Structures are given as structure tokens and as C-alpha cells.
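Okay, so here's the structure we're looking at.
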């Protein structure tokens, strides 16, 4: 009121009345003194009593009370009511609650009814100002919770109904922060409006409530809502808000809700889940039904509602622009400090319509929303609508659109340009060779060049038909219409729904031709083939011309939008008008800028108006498109929430026409009905249109004398009243096409508008004369098909001849009918139809007459005169402007002539000339330029400067165009002016104009181009000075810096190209930062300049990096020294020395060589290191000594190896290892020492030897493996370089680079972009490069990582093979020397295993690429190693096989590998296997333990041609498989018997064969097999009596299976024939001496071996006698035969002879055992479960297989495998396995130098138990010995790793040792004292181990000391403790297991070498059990 009162010049008194004094006080406090100072405006606030007797002009009464019961207190008293109501002179306002007052049962009820009757009752919050005031009060009083009800101002108009639970209201009231309350309400308002977060992972999913319960985060709390339903005629969903609570409490609430929803029916829950897309709308209506109006109002209503909601909530609290909006992408609703933005987009094809809608929206907002939105006073004249001018303030991007631009109303062309600009690289850059000066970005849409390109190079239908169509093959175009072909190309091949699903957005020929099979298709397959050929020609021609069509741009946008992750300002709502003018692919573009598929889209159009060239449209297509491309893809991208039902809303059909009267509509509808009948798929079915406008029916004109209507009306034209007689401006003559227009244009002249049907689309006229539509139709008499429809509708009075309808043949009828519909609907009032050829129009005229839709009138003079309407000049001008914007310049010119408007006449003429020039520019450029110049001059003459400038630009007269822009256009055209000057080469002028317009980037670009460096600098300084004033509005300060830097770089680059370094550095030094300077100079490779700059600034460290880039490492070291980086300087110097020691002056690498300054540089490295830490100094001194060392001093080299390990110097380790290896290779063979035992610890052994300056074959192989493994790791590192995986090989990579003389240009390890610089370009290894891949950078040569890896692998492959070959030759020489010198078999065999090991590792190495001769070399060495393998593995002399060293060697992995290799080699031969080969195979299989099943099968298959051996081997392999399946369970009797039988048959077959053939079985093989058969036969009786050698071989095979048994007596008897056969064979071999010797000689065995054969045969005879009582006679006989007995050893035969009497034999087991003992092959008595105590004798070894495991027995037989005492390095420590020695894995063969054959059992689970006493004891000593042999850093690691296992073993030993001490009363006191001391140390060791892992690490030193002390006691304590443990074991097991392994007798000292080791101190009164 106060605002309205101002300026009234009247006094106004206002009174505010309240019944309560408290409210009076409150109101006074609120008003304060605000109105006291205003003269003439007074406000009084009093109670009812206070106003008694007083009056005011206006009274405002507050009734205060608000409740549901109607209680109003003392206001119910009539007296008080009377006083209150009568205080007003003029106006009375009453404020109160309607419900409370109505229920008060007082006069107030009547007052309310009276106010309503007088329409003076108002709801306060319906008024926006009052509503705003109410909200402000609620905020101020903190009563926001009162707004939380569905009927409040905030929620009652929202899309979703919102219901609040009591719990939520209580929680809301408890919120203390007002800001938090506002944020919650803001969230609820957004939810009520339909907004939902896009990411669905915030939904709480729980059982039945999935998709019903939602949680939304706001201010750290969560609002929990559900979707519920209520029935109001139909089911309505609403949002129920349950609570707001912290996250931790949400799950409890959700669980309660879930329990509630479980009780709901499925139907109820499904209705809650349903999601309908009713918001996205499809509007279909004919012309004039208000489609555009509906879109406009929908858009405006959303703007209005959004504004009101935001204004109501925020009120005056914020003064931001009302178009501010919510971001639909945000899920977490935070306290908002600015209003949300509503982003709406309206798109239409027509610029004119776009402009009109924009103006309409502006006026609506201005009128409805008041002063907040003043109506736009556009600077653009409505007559000058132009895309560029209309949208100049809207950027060409959907990013950062100005808020003031919303709602965004643009043309489809602008929409495409904005999408193109959003995606970075523009589609048009491929066409535009010369961009305007910018940062390389595409020119803006206002760029002259871009506009010109689009205008002249876009192929539309006119250009297609005029330029392309005439050049196609006439055979293709025959019977085809250019319009139809263009439509097929644009709408189907390139723009259809199917085309969008193809990767390149173009249908293939096959796919396009298949469209003819669809039910909608009217094109045959043949026509489609021809159209596709035309399409291909069109595409080729278009590319050649450098042109494009709209489909190309659209498809490119689709491709980029799919592939590029672009961020856009997403629209909330999109409105597309005239959608029928777009193809499917064009429509699909909208899905990228709006994700609101639920309600965000509205499409409107009319398929009946689809006569636009290139468009084929149906609404059902767009609905299918929307579902497939919008809805489905949105669901697939995760934007799916509740279940969608009724996915798409129905099409909204508009039937009320507001523009055309009913008569015309009915005629148009009749045409539509024909389309429905004949072409139902081409048009959408709508309700018939209606209209409330009256008008006369259309007229069919006839003439009595057949005079043409045109001549009748226009033939005698004249002037009436000074005006030309003819049609007016709102009248038009419509003809079919240009040819029809030409036919009558001479008669019509300028008396009427004459348009074609295509030209009239979009235009409307009062009157229309349709001239000769049917007569000019190509259908001719085919119009008679209409009679078919009339017949169907019973409209034919008499039969008429008519053709039957065929859609394919008469498809053109569809287009004809649509054109007819368009022509009919162009009129608003009168429609006249004239036809010259009655027979062609008669079918349609009959149809219309029958339906009474037309009237027929004779065209006479009076009618002709009545048809003509005169128009005013203004009407002609208005019509001319419409035609001008429809590009119909000819008719527009005529209109302007009739209007007398010379300006528009000339402008239209010039525009028409320009359009003609555009059409001619490609076909006739000279003519086009003439026309264009005329147009330019006209434009310039009439003051149309912008158009004139464009014409001169197109003519190439850039400077003239620029001057016009500069002088005659506004400031907004400065950019175009500057662009023109730039293209004209006027750089200075262009720069000045750009500077004037604040186009910084372009200005500096021009300065660079024009070499205007000083001008550019001046501009930069100016902008810097004014950055905080008006210039800052245009560009930010950061932008200025960026632009300035770009310019400075261009300047510097210019001088660099001129090789003017001095001038270049002047600009470089002005860069903003040192990093920019560095990056720039590095990019230009100006390293010298950068180096000087860094030194000048004192950046010595950075200068050193530059020196490295230059390859000057000595200078880099000096600079690092200056920078104080002594460590890096020293390291760099060492690397330089290292590289030059290898590769200087074309050196071939190894060995290290001297060069000048080497010692000086090494000394410098030492001095630099001295300035760092002492540790680093020691490291450098060590490496310097290695690099300078040229003397082969092994002890010193060993020290250097250890020092390198301590300092973690990979370089030192590898170099020293190679030097030691070289010493070995250069040493004389005779200098090598030979070992008698297998070396289990090559590390300690080799170190011991080297320290003594001695070499051996073991040290040679150890250092070869050591060096080789390092090189293998280099190969692994090179692989990591390519895969960018460090994987722990960093040190090897650095060594490789240093070794090859390479330096990484970048420090990032494993970076594929790293460049490697070669320090010595003439290095020998460089010659292997492919020079094409080398990069020259000045004097430096560099390669990338791939070339490095390839070259390095090649070098190290050659190096590894070269050294390996030298090692192999050395090993071969050592082998030959061992044979020549008759060294023990072990030495010879060991040499062969080493040869095999080295050769095999090289041949298996994956990175070695062997040449043919190299592969042959390795094959030769492998052949050498395997050729003699069998003889060493299975020697004829049994004593050799029992030697500790040979047995140990046989058990190594390398021997096992060799054995398998020999087997494979043997079965790999092509010919039939000989008996010799089969024999060797059988021996190797029986003597090797278990092989893998595949190998067994291969052997069996290879023996196919020898049935007995195949049968045996099959049976044998089957038994082995059964054993492996059953574990330790024995095979059944039948299988054992069968196996023996098959074995016997095979041996018998071999024996019977002709041994004189080549390669018969050797004696050694045959005897081995006989011995094995004998053991198998013996085992059947439950025990075995055999020799130690045979038993060991049997044990090797039986290892892991100790559970042997004997078979039944019947089965034993069945073996009798086998036994007899065996006896016979042995006798024959013994007594047929000559044959046996020939056999030996034939087998290439020395005759001196005959004695060995005889000895083994005699032993077999003895065993047959012992086991079976057989051969007594034979034994008696042979002992009497001098020829045989003389061949036996003396001791052996002497013992046996004592048992031969004169007539009988008195030999017993004791005698035979004694004889066997004499030959070192003791008798072994093996119990398999049967009592064999009768055979126990002092000189035999007793073994109980039921008590002992095979491997345990082998350990007892060969104790030196366990014992490391007395031999350096004979025990293999677990700590020294390859992983802890950093040895690589180079082969699948385990190095015999790095692992013990018993290594697997070191701390195996089956050994660590209390029951296995001796094994635990031996294992304990083994661990102690191994760990004490580790004397370098890995020692601690070994203890840490083995601590848990050591602890278990120690605990068992302590437990077991206590008992023996109690049992040892008869032992010596010294032994017990020693044991007690040891026990104490064991307890200390256990205590140190029984702690946490961390404490173990701390106790390592103490543990190590205890282990050393325990190890020192081994010599004295081990025998003592073993004896005690054995005694304990015997007592522990009792008498049932009294004996396990027993060796009895005192024995002879001379034969004690083997037995003492095997059974030391094991005799006690004849027998003692052993474990």
C-alpha cells in the first residue's frame, strides 16, 4: 500500500486491529518506526477496545485464532465484533482462518458466506506477494515445519503429492540449524517436482521394498521416502516421507518398512513400482491446430512454476537471476547458496518461427512475472532474421551456456553447430584449410569463412537436383524422381533408424535392398539397387568437390558423441517443433543433451505436411526411435529405477483448427481419407479436424466457352483508381512446379503471386487459386483409381471403369495426395480450383461433388472481378518480407514493386543475385563472380554493409570487406573485420582491430604471423595494466598469461628458425616461469642455451640434467659437484669409466680395458664419494678397484664379490663373477683339483677353494651358474621394460644400461616413452642395430625402449652363448683328462653331468636364438653327456655302485633328467628296438624309481614289436599306476605273480635270442635284470636274502612303498618253473665260458670284465642257494672248477672254499655273509613280515621293512649324505637355495651345484615327529650344519625363514634327549657331561625361538651363536647320541619290533671303509634295532 500511495498526493490512514494486546505489541515491534516519518501516510496498531470511537481510511483486522474446533475466544462476542467491523471509512480487510471462523457458530460464519457470495473471499497464498510474505514470516519465526503439508504453498501445485509422517515432522522440528531445514525443504520440493538423482546406487534395496524405499542425502542426514498409491478414480502414486536420520539408523527404519511391505499384495507393490513416461509427449496436429502454441505454453508454464517455487521459498533472501536452476546430476543435496537453474531447450527448423517463439516467450514472462523479466527489445529487426545475428550471444557449445540465455530457443542449425562446438575438433576443420587466427580452434559460427563454406558447400535438395542429378548415369536415373532418390539417401540410407545401428551410420547395399521386403516399402528391389548405385556415385562426387550434406554432419556428431566423453550442460526439458522436417538420425541427437527420458521431451509435427525434400517421416517411427534410442539406452546406462509400464505416452492428436474454416478442413480431410485408404503406412491416423470458423465451401471453376481462367482474370488487366487490377497480397495462384509457372507467368505478370506447391509450404493466404493441379500431374488418367474407393463407400451412381490399385505401381499417388493436401490447407478463406483437362480431374471432382464438399460456379466477369482483392502497399511489403525469408526472391521483388519499397526491392534483388552466385560458384565461377559483385555493390549502396562485406569476402576482396565491417558495421563486427584484414595480409591492421575488440589470442597470433613482435608486447603490457578494469570482464587474468606465453613462444620459435639464438633467448627469458623456459628449450633441443641459462641462474643441478641430455657426462659430474650432489657426481663418473672401459674406440666389450684418464677419473670418483657418507665411500672404492683391476687374483676377486654383496652392487657381483670365470677358462686343465665326494654346498665350497687360489670343476660350474643367473635376470628385466613392470629387476636394468653405455633420458622407470641415449656411438654392439630405428639428435644417437630391448637381448644372447660354449669346451677337456688319467668313475661321471647341465640350460633358454652351427654345437655336447651315461649310472662292478659319491650323484635331479633324456632318445629311434636298447630301457626303468605315466606309455608303445617285453612293461607300468593310486598299499598277489611271469618271459626271450646280432643286451644289463628277478622271486616267501647293491637298487625303485608282503604257498609253487629257468640260465653263463667271453667281447666290454661277470654270477648262485635251497650242486661244482674259482677275488673264494668238502657242500648263511662282506657287498636280510630269524648272522645286515621307510634305510646305508663333518661344504644348507643366493632360473634342470638330492626332506612334515628318533637327530644336525655354513647377509634371512621348523625339531630333540640321559648309566661320564651341556644349549635355543616373529628377528644373532656352539659339538656328540637313541628306540618298540636294521659282527678292519660309514657302532651282542 505504501508503494501504491506514493505519488497520489492524498492522505491515507491505516488501522491494524487485533483482539489481543500481545499481538498488538508484536505487530508494533515488527513495523517499528518505518512509517512514522511519512507525511500523509499513517499506520496505527491498537486493540479492539483501543479503536472504540475511532475511524481510519483502511482497517485490517486480525482474528488471530487458528484451530479445528472453531474456538475464537472473546471474538465471539457481538459487541466486540461490531466495534471491530465498523472502524473503516473506505476499506475493510479481515485476516483469519476460514475453517476456524466457519465453525465458531457466530456471526463470523455469515460474514464468510457473504464475502464468498460477493467474490471478496481470497486465499492469501494464491497471491504471489502475500505467499511470499507468509514464507518470509515462517522463516523468520522458524516455523518452516508448518509448510510440511500437502496443501501448503510449496507442495500443492507440484507434480508429485507429498505426505509427511508424524515421525518425520518430529525429527524435522528437532533440527537445530535453520540452514539445514531449508536444505531439507529444498530437497523435498525438488522431489515433489519429479526430480530424481541420476545415479541409483543411493537407493536402499531391501527385499520386498526394492525400488520403493529411497534415501536421499542432505546436510549429512538421510531423508527416507517410499512410493505409495491411493485410489482417486484411478490409482495415483504419491511420495511418503518417513523420517530424516543419520546413516547408521537408516537400516533399522528400512528393516521396519520392509516388514510392512512384506504384508502388501504383489499387485499393490507392482503398482508402487510402476513408472510411466507420460511426461515425454508426442503432439500430432494438422496445420493451424496450435501445435507450436502448446509447446510454447508448456515451456512457459514450467518456467512460471519454477520461478514461483524458487521465489516463494527463497523470497527476497537472494537477488540472483530467476533462471538459476537445480543440477539434475547431483545426488547429495547440500546447502544451496544460489537458486537452481531450469534448463529448457526449444528447437525448430525455421529461423522465422524460432524468432517468433522467442519473442512470444519473452512477452509472456514479462506480463506474467512482472518486472523481473522485462520484454526483450531485440536489436534484431523482425525483418532481418538471421541465424548468426539472432544467436550471437549464445556460444557454439553446450558447455557454460550463459544463464540469461535460458530458456534456450534456437534453430536446428544452431543446435548442430553447438553440438559440433562441444566436441572439440570440429567437423568442418577437415574442409577449411585456412582458419582464422586463433589457438587452433575451429572458427565460431559467426566466422565469415565458416559461414561462406556452409552456404556454398552444403548439398541440399536444390543443389543435389541441379548440380549432381544431371551427372548421374541416365540408365540409373531413368524412371526415378530426383526428390525420391534424395529422400531415400538422406532419410533411409544415411539417416534412418536402421542406419543408426550400423557402425558408420550408412546402410550397406544388402541392408538397403532388404527394405523392399517391408510392408511399408513401395520401391522394388531393382529400383533400390539403382538408387544405391546413385548413392555411391553421389558420395564419390561429393568427396571430390569437398562438399557435405546435413546427414554427414549428423552422422559425424553421432560417432563423436558415442566415442568421446564430453561434458555438457544437460537440458531438463526439450521441445522440438516441426519434427516432421527432421530425419530419425537428426532427432536422435537430442538424447545426448537431455537424460530426462521420463518427462523431458515434447515433439510436435504433422506427417501430412511432409513434402520437405529429403525427409520421409511418420510418428510411429519417432515413437520407435524414442523407445529404442532414448528409453532403452538410458536404461542400459544405469538410469533405470522403478519398473516402466506403458513405456511411451500416446500421441496427443489435435483436431481443433483455429485458422482454417470448416469447408476447407472437410475438403482437406477427404484427401487424408484417401491417404488412409491407399497408403495407411505413410500417414498417422488422426481424428477429423473441426473448426468454429465459418467459410464458403471451395469452388470448382468452370467456363462455358472453355476459356482459360488465367486469361479470363488477367488477360485484360488495367488500372482502377490508379492501382493495378489483379490479386492482392493475401491471394496466390498455386501451380505444381516451375514448368507450370512458366506456362502462365506471361499472362499473370505482376498482377498476382504465382508460387509452386513446394514454395508455398509454411505460408498462408486469404485466397488460393489452385491451377491445373490434376492436368499437370504425372498420374494422368490413373486418378481414376479414386473410383475404387468410391465404390467401396457406395458413392458411385453408375459403374465406372477404373484401374485396380497397386501400391508399388501407383506409389506416386501418395506424394500427389500429400501435395494436394498442402495446397488445400494454404488458404484461410476462399479456395478456387481450375482444371483445363476435365477428364484428368473428373475422378477427384466426382468424389468431392458426391460428398458435397465443393460448389461449382461458372467463371464469368463478375466472378472474376469478385475474386480480385486490392491490397495496400504495407500489405504488399509484409507479404514480400515473408516471401523474402522463404527465399522466393522473384515473388518478393514483385511484392516490393507493388508496395513501392525500393529499399527492399533492391535488397531482394541483391539477395537473389547472391543466391544465384552461390549456385553457380562451382559450375561457372566467372559468371558467379560477376553476379556476386553486382550484388555486393547493391548491398553497399543500400547500406546493407554486413551483406556487402560478405559478398566481397566471397570474391576474395578481403581488405575491402574488412573496411566495410570496420567502418560501416557495429562494434560486434570487429572480429569479422579483423579476420578479413588477416586474410588480406594486412597483419598490422588486423592486430589493431583484434586488440580493439579485446580478442587477445587472435591479436597475438596475427602479431606472430606478421612479425609484429613489438606490437604484441605492447598489447600484452596494456592488458596486464588494465586486467582489473574493463578488460577483466572480457578475459580472466589467467587467460592473459596463457595468451602471452603462447605469443612469446611463437616469437622465440621464429628466431630459433632463423638460428638467432641471442634474440630467441631475449624472449625466452621473459617467460613466466623457469619450467616454461626449460620445457620450451628442451622441445627445440636447444640444450646449449638451456645449459647456459641454468648455470647463469645458479641451477647447477638442473644444468647437470641438461648436460646429460647432451651426452656430456663429465660436465654433468662437474655441475653436480657444484650443486653439492657428490653422490650423484661420483656415480656418474663411475658409470662413465665403466662404459668407456668396455666400448671405447670400437671395442668389442669384455674384458675391461684401460683408456686415458681412467685412473684420474676413478680417483675423482673416490674424492667425490669421500664428501658423502663413509659407507658410500667404501662402495665407490670397491667399484673403482674392480674397474681398475687387471690382475687375475682369485682371493682378491672373492673378497670383491663379498664386498659387492654387502654393498648391494650388482655391477660388482657380475663383473667379479665374470673375472673369476675367465680365470677358470684360462687356467690349465692340470691345475684343476678333483673332489671325491659330491659337493652339496657349492657356495661355501667355491669360496673356500677360491680363497686358496685354487680351481676345480665345481668352482667353474658354480661361477658359470652364478654369472649366468645374473644374465638371465637381465633378460627378465628387459621383458619388464616392455611390459612396464618393475617386478624387482631395477638393479639388473641399471647394470644393463651402464654396461651397454646407455642413459635414460627420463628418470621414470619402465616408461615406454623413455628415450635411451648412447654414450659410445662406435660401440661394437651398436653394429647389430637397424639404422632406421636410430634417432640422431646432433651428435647423440638414441633409441626407444623397443629397439633397446631388441638390441640388448641380441647382445646378451651372443655373450651368454659365447661364454657358455667356452665353459662346455673346458668341461669337455676336463672329462677327457679324467678318463685319460683314470680318475675315479665319480670324477668322470660328474664331468658328464656338468656338461649336460650347462648344455641343457643353454638349449632350453627361451631368449637364445641359435644359428644352425650353434645348435649343432649344443647337440654335440648333449650327445657326449648322454652317450656314456648308462655305463656310469649302472656299472658292472657292484662295488662302484655302492660308493657313497656315485650313489649321491645318481640321486641328483640332473641325473634323473639325464636318465629321462636317454630314455626318450632311445625310444625316439625309428628302427625296431634291439635287445640291447630294450635291456637298457628296462634297467633304467627298474633303477630309476617312479617315472611319470606318460613316459611309461611311450616306452610300452615303442616295444610293440617285441611282445614279451611289451607285456612285461605294460604289466609293470600298470602296477606302478596302481601303487601311485593306493599310496603305500601293496599290489595284490595276482598282479605280482603276473608281473614276475611276464618279466621271466621277457628275460627268457632275450636269453634265447641270437646274441651274435648287433646290439645284443650287455652282460651288465642282463645280470642287473637277473638280480632284480631274483629279488622279486625271493619277496614272495616273505623275506629277501640279497646283496647290499641289489637291495639298494630295489629300494630305489620301492622308495615310498615299504608295506611289502609275501604270497600264498600255492602261488610260490607256481613260480617253480621260473626259478628252475633262472638257475639254468646262470649255470649256462658260468659253465659256457667261451660263449660268455664272446658275448662280453661282442658287447664292446673289455675281457678283463669277465671276472666281474663271473663274480656276479657266483653271487647269484649263492643267493639262489640261500633263498630257495637251489644250486647246491652247481655251487659245489663251480667251487671245484679252477677256471671259474680263479676268476673270483681271493678273500671271497677262500671263505667259500672252506665250506666245500670232498663230497658235499657245507656252506651256510654265516659263511656266505662273510664272503659277501669280503667283496664289500654285504648280505642283507630283509623281512617283509615273515619271521626270518634263522638267517640272522653277525656279518649280515638285517632290515625290517615293516618298521622302516625306504628313504630312511637309504639314509642309514649312506650316512655321508647327512654328514658334513670333515669335508668343507659337503652339507647343503637350505639357506643357500637359489632364491636366497639371488640365482635365476635358467633351465628346467635343477643345478646340481645348488640343491641336495635330500633337500626335499630337509624339514619335511613326516620327519618332524616324536616317533622318528634317529631321523630327527640327523635332521637336527643337518639344519645346524647348514645354517652355520651361511656366512653372509642371507644368514639372518635363513634363520628367520626356518625358525618355526627349527623350533619343532629342537623341541623334539630336547624331549628325546632327556630319556637317553636317564638310560645311560653305563656310559662314560664325559659323554654324559657333554650331553648335559648340549641339552642346556638346546633349551636356550628353544627359548630364543619360542617368541613372536619380530622377536625372532631381534634374537637372530643369539640364535646364530647357539647354532655355532652346537655345531662344534657334533663330532663328539653325534655317535654318542645316536647310540643312545637307538637303544631308546629298541626299548620303546619292545620285543615285537626288536630288530629294524642290524649289522652284526666285528668285521675286518680292511673292509671297514664302507661298512663303518654305513653301520658305525651298531653291533651290540649280535643285534640292535635301528630306526
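Placement of Cβ uses the backbone N, Cα and C atoms for every residue, glycine included.
Bear in mind that TrEMBL entries carry predicted annotations, made automatically and left uncurated.
In the structure as shown, the Cβ atom of residue 290 (ATP binding site) sits within 10 Å of 17 other Cβ atoms. Annotation source TrEMBL lists ATP binding site at 285, 286, 287, 288, 289, 290, 291, 292.
The feature compositional bias 'Low complexity' is assigned by TrEMBL to 1786-1796.
Per TrEMBL, domain 'UvrD-like helicase ATP-binding' is recorded for 264-661.
According to TrEMBL, the region 'Disordered' annotation covers 1765-1796 (among others).
If you look up TrEMBL, you'll see 1936-1971 (among others) marked as region 'Disordered'.
Its Cβ taken as reference, residue 288 (ATP binding site) is surrounded by 21 other Cβ atoms within 10 Å in the chains shown. Other residues of the same chain near the ATP site, with their Cβ within 8 Å of the Cβ centroid of 285, 286, 287, 288, 289, 290, 291, 292, are 606, 654, 657, 658, 659.
Model confidence over the domain 'UvrD-like helicase ATP-binding' (264-661) is summarised by a mean pLDDT of 76. The candidate set comprises the binding-site residues 287, 289, 292. Of these, 289 has the most other Cβ atoms within 10 Å. Cβ neighbour count for residue 285 (ATP binding site): 24 (other Cβ atoms within 10 Å of its Cβ, all protein chains included).
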